[in-house]
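What Swiss-Prot records for this protein:
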- D176: active site (ACT_SITE)
- H178: active site, proton acceptor (ACT_SITE)
- S271: active site, nucleophile (ACT_SITE)
- C41-C231: disulfide bond (DISULFID)
- C349-C463: disulfide bond (DISULFID)
- 24-349: region 'SGNH hydrolase-like domain' (REGION)
- 350-476: region 'CBM domain' (REGION)
- 1-24: signal peptide (SIGNAL)
Amino acid sequence: MTPHLMKLLGLSAALLAISQGVRAEDVKAPTFSAEPCCQLCPEAHDASRYTTRYQQNFTTLVQAQGDWLFRTREDLRTEFNTTPAGYKRLQQVHDAFKKRGVELVVVYQPTRGLVNRNMLNPAEKAAFDYQKALGNYQAMLKRFASMGYNVPDLSPLTNEQLAAADQGKDFYFRGDQHWTPYGAERAAKIVADTVHKMPAFEGIPRKEFETRKSGRMGKTGTLHNVAGQLCGTSYAVQYMDQFATEPKGASGGDDLFGDSGNAQITLVGTSHSGKNYNFSGFLEQYIGADVLNVAFPGGGLEGSMIQYLGSEEFQKNPPKILIWEFSPLYRLDQETIWRQILGLLDDGCDDRPALMSASTTLKPGKNELMVNGKGGVIKDLINRNLQMDVKFEDPSVKVLQATLWYLNGRHEDIKLEKPETSDTDGRFVFQMREDEDWASQRLLAFEVQGPESGTQKVEAKLCKRNNFAVPAQTAQAGQ
């Protein structure tokens, strides 16, 4: 409370006393006590208290300067890598896009610890091995590049120390994992430099864009929210400038029906690419070309990628350049993600013969959809050669739960979930499992879990797939 406000309150109390017949000199000025706001409680330092799936993304919170919070597992990580299987899949994805004539740009965000470590308190700052983290982050960028990806180096944005005039324009929010619009802009400038050097950019039509402030947004941070759940505290809303980008010379909604539908650069990514941060707008401004943004909030690592690859837009008009933005918090060895992405890049079972197929109405419980040998002949259906294409009549279906049975009695339970925020078409495409010794398994049957109540129409096809070869030396990267 400011001294000025305290004086006003004291004067008000005195006037009230006078009106009640009491002498002002007998009235004491009000007293106030101020406690430090929002220091984390002991529970926030106990990983076992992070019980929900959502809370476990924030294990464990660390109080920093002011309202700044950090996560020890994600923000203060020093390791940036994946498993040999993850590197192999990344190579396959690159090669699959290359076959489609698409060049990939990987925007691998630096962590909040790398960028805003100067906001840590002295003890935590000393404990965080910044040099190790930075070295490993840069090594991961080189690994992406060694596989053929175009990789903007965002490491110059680390160890941020803003000038006095730029205070409040931090790269990341104080209590949220997202970058601010100012952070998005700084990243976009570096990404644009990388795009300009790509041969694929040479034939892309140029266009001038300009960006203006469009208002202010209030950010209730996700880290602050979790701290509130654990400690019962609340943090102040952080207000930040918002921006909008439009073609130079345009006004209002002039570009609503412009040629952005013919963009030859597409952005897929996480909620960092959402409208609030204007990352796609800054990309348009600094690249100097239309960018189609298909990212959506809550999409995670793969949500917008899978939705886009299954779209008519990608199938008929694949971009020359695909910018893929994601953060190090996502594991890059999640087999079910790569199986879906590679299956969609191979067009599922569109326009190719089905080795097995079925169309039926599902009932609650397990439904036997396809059986190898039902016609009297058992086919040699080996996992490494196959992919599955499942289509529900109801496009709003976002979960496929199924069981794949094999001739030797083994089975795989698979569950594919699309984000609640995604615009789905009811289609699920995935390659058959090939990690460990699954590649040589021979398929016997395919069961699908039906709805909780009522019925659900579905059709499924099993077909041969293309194999995207991986050079042996690249598949071993990171070992």
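Note that Cβ sites are derived from N, Cα and C of the backbone, with glycine treated the same way.
Since this is a predicted model, take the numbers as computed values, not measurements.
Recorded features from Swiss-Prot, shown on the structure.
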residue	record	contacts (Cβ under 8 Å, 6+ apart)
C41	disulfide bond	L230, C231, G232, T233
D176	active site	K219, G221, T222, L223, H224, Q238
H178	active site, proton acceptor	Y172, K219, S271, H272, N276, Y277
C349	disulfide bond	Q387, M388, D389, V429, K461, L462, C463
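Look at the residue listed as 'active site, proton acceptor': DSSP puts it in coil.
Summary for the disulfide-bonded residues C231, C463: the Cβ-based neighbour count within 10 Å is maximal at C463. In the three-state DSSP scheme, C463 (disulfide bond) falls into the strand class.
The Cβ of S271 (active site, nucleophile) has 20 other Cβ atoms within 10 Å, all protein chains considered. The DSSP secondary structure for C349 (disulfide bond) is coil.
Here the region 'CBM domain' (350-476) has a mean pLDDT of 92 out of 100.
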